[in-house]
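Peer 1: Structure below; questions to follow.
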Amino acid sequence: MQSTDLYIRPDLGQGARRLPLQALLLAAGLVALAAAPFLLYPVFVMKLLCFALFASAFNLLLGYVGLLSFGHAAFFGGAAYVTAHSVKVWGIDPVAGIALGTLAAAVMGAAMGAIAIRRQGIYFAMTTLALSQMIYFLFLRAPFTNAEDGIQNVPRGHAFGLIDLSQTLNMYGLVVAVFLVGMFAIWRVINSPYGQVLKALRENETRAVSLGYRADRYKLGAFVFSAAIAGLAGATKALVFQIATLTDVAWQMSGEVILMSLLGGVGTLAGPSVGAGLIVTIQNYFATTGFPVNVVLGLLFILCVLCFRSGIVGELAKRARR
Amino acid sequence: MTELFGIPMPVLSGQILLGLFNGAFYALLSLGLAVIFGLLRVINFAHGALYMMGAFIAFLLGQWLGLPFWALLVVAPVLVGVFAVAMEKLLLRHVYGLDPLYGLLLTFGVALVIEGMAQYMFGVAGKPFSQPQALSGVSMIGGMILPHYRVFVIVVALITCLGTWALIERTRLGAFLRAATENRPLVEAFGVNVPVLLTATYAFGALLAGFAGVMGAPVFQVSAFMGSNLIIIVFAVVVIGGMGSIGGAIASGFLLGLCEGLTKVVYPEAANIVVFAIMAVVLFFRPSGLFGKAA
């Protein structure tokens, strides 16, 4: 089937056959998560997991609702600021800090979504980009963000007052837990009746509306949820790196998360994580060479759009189905 | 009268002039975006990068060949246009007919490459670019300070915008263009070479961006990322104006520049975000934009 859309249509009726494979992959993934901190640099793996969750949250919107948000950095970075500030200045529990950051992202998502969903397609993308730029300037000016310096030296503290997060493995455990909770929530939403309605909106909004679904409410709900999960990822990243800066709210970050989804496979559950892994690795590699990584990311964008629009996981899934 | 609402007149008039000056750039860029989107159905994210490219080409040609500003104002945009022809033929051509989001993502990728390469070759520090000698003066008219160069830019941008409007709305070529926007197969059936029209349109839009870049070079520093923040504001302008009409793009460009300038007088802290805030308000009350047809 020649599809010109941004997402791969679900292959109904084949789920049963693929289930053992999925279970196998899931098990392999869990084993890899358990082994990773001993094989790789743990902070790198934690960064990767945060971005994987961020990209998955973004993908929920693009892949399952068909909305391209160019402003997701606002939620990622905004939550990072809130968590960093609440943990460092107010001295609250790091887990509560993450929850607060997530909540803040959801609130921002509600405000931004309420305005942005009034336009569709290309205008939606431009509107979210403009609104996130506004949020960027607000954070640049806000008294608690320290402008260019950001919030530095955020203490990781003790989770629930007990677990010392300055121990790398403890922090790693928390990040894995956050990642799994986030991914499970996304998976649960996609496979719920609510998720089915979202897909119906993506496929044919007019028809879904004529069937009595209030498109705007469903879209706003998905937007807020996606923003919250993006915030969860950003809040966790703030604790991992103990810093929240303008980089996380800048539009470049919104572009990166789009590329992660696109590269891995829009509309696939695992794709964004694969894409995030690749991009984070590439960024780490080029950070040492002095060659601007943006050129590489730009070329990847061009390559993805022109040559493989289904992304890595999408292409693999297509091959497996043949 | 030296004061209006407690604001000294020279300050107010200075900011109005500055607002119109910024508005000239918004108008030129949003006009190019609207022309390109009208026919190609592609939002040209690379517009800011092409703007930067115009400024850089002018800077380099000025350095190497010592060309005068007037020559640069012609040569640099033409070179940007040539680059755009190659870009359209090699890349953009392949995304026509796909979801318009792909065009956005493709041109975003191109923008990253152009800006990244500019940063790699020329560093992040801004390059100085002097104003043409003939326009470096300042006039005083009734207490108003008029820097000649700013007035020049506003007038030239206005003429360019009106010329473009006339070209599209009042000439035979423009009629083909509008017809192709409405119904492409039919125009092709009449023997119009639409692929060439598409290339020319993209090149023209890019040329406008390059032209704006050369004019911006003496005032804003020439740097790799001079276009990237500007393009986001221009996107907001385009959302406010609606991309349906050429006149709307021009009017909202100048209008928002003016709003921004006035905000600098009244509440300087909000000057950066006022365009975005207006966008939010407009979307709330008129989702299709000020001049847009209902989508």
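Every residue, even glycine, has its Cβ placed from backbone N, Cα and C.
Reproduced below are the annotations present in TrEMBL:
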- A:20-41: transmembrane segment (TRANSMEM)
- A:48-75: transmembrane segment (TRANSMEM)
- A:95-115: transmembrane segment (TRANSMEM)
- A:122-139: transmembrane segment (TRANSMEM)
- A:171-190: transmembrane segment (TRANSMEM)
- A:220-245: transmembrane segment (TRANSMEM)
- A:257-279: transmembrane segment (TRANSMEM)
- A:291-312: transmembrane segment (TRANSMEM)
Peer 1: Could you pull out which residues elsewhere in the chain have a CB under 8 Å from any CB of the transmembrane segment (A:220-245), counting only those six or more residues past its ends?
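Peer 2: For the transmembrane segment (A:220-245), the far contacts come to 43, 46-47, 50-51, 53-54, 56-58, 60-61, 64-65, 67, 69, 72, 75-85, 87, 94, 97-98, 100-106, 108-110, 112-114, 116-117, 145, 149-156, 165, 171, 174-175, 178, 182, 185-186, 189, 194, 198, 257.
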Peer 1: Please work out which recorded stretch in A:48-75, A:95-115, A:122-139, A:171-190, A:291-312 has the most C-beta pairs separated by under 8 angstroms from the transmembrane segment (A:257-279)?
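Peer 2: Between the candidates A:48-75, A:95-115, A:122-139, A:171-190, A:291-312, the best contact partner of the transmembrane segment (A:257-279) is A:48-75.
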Peer 1: Do any residues of this chain, six or more beyond the ends of the transmembrane segment (A:291-312), have a C-beta under 8 angstroms from a C-beta of it, and if so which?
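Peer 2: Residues packing against the transmembrane segment (A:291-312) from afar: 6, 8, 252, 255-256, 259, 261-266, 268, 271, 274-275, 278-279, 282-283, 318.
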Peer 1: Go through the chain and flag residues at least 6 beyond the ends of the transmembrane segment (A:171-190) whose CB is under 8 A from any CB in it; none is fine as an answer.
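Peer 2: The answer is 33, 37, 42, 45-46, 49-50, 52-53, 56-57, 60, 64, 94-95, 98, 156, 159, 163, 165, 222, 225, 229, 232-233, 236, 239-240, 269.
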